[in-house]
């Protein structure tokens with residue numbers, strides 16, 4: 001049986017641009033793409049923490065070190081510059097692979113600099 005697990009995420013990224021008339025996609029700083037284990041043209045989910053919007057798009061590369069998170073095309077209507085978003089990618093694997101798999105979790109500061117990286121999320125307590 002195949003199951004779908006979180007492969008990687010950029011947590012609390014700040015939207016730096018919203019370009020309605022650019023080809024649809026999400027441009028992400030190449031360094032952040034690599035840290036999260038994303039691939040160019042990979043499908044991603046965007047969860048807008050500020051307004052609750054959730055949508056799919058795909059990754060395109062922005063300049064390394066730029067901190068760019070740009071929602072383009074129709075996705076630009078789902079955000080405002082400065083919104084905080086979670087960008088997630090998922091992968092399918094069998095249960096044996098899932099037992100050994102660790103996601104790439106990248107936590108960002110407001111300026112999209114890396115606060116920390118990890119591969120676990122602590123157990124939620126009351």
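Quick reminder: no glycine exception, Cβ is built from N, Cα and C everywhere.
The annotation pyruvic acid (Ser) is assigned in Swiss-Prot to 25 on the grounds of sequence analysis. Reduced to three states, the DSSP call for residue 25 (pyruvic acid (Ser)) is strand. In this view, residue 25 (pyruvic acid (Ser)) is surrounded by 20 other Cβ atoms within 10 Å of its Cβ, with every protein chain counted.
Residues or ranges marked as active site, schiff-base intermediate with substrate by Swiss-Prot on the basis of sequence analysis: 25.
Feature annotation from Swiss-Prot assigns substrate binding site to 57, 73, 74, 75. Around residue 74 (substrate binding site), the same-chain residues at least 6 positions away in sequence with a Cβ under 8 Å from its Cβ are 24.
According to its DSSP assignment, residue 58 (active site, proton donor) is in a strand. The annotation active site, proton donor is assigned in Swiss-Prot to 58.
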Recorded positions: 57, 58, 75 - member with fewest neighbouring CB atoms within 10 Å: 58
Alpha-carbon spacing, residue 57 (substrate binding site) to residue 25 (pyruvic acid (Ser)), which is rounded to whole Å: 5
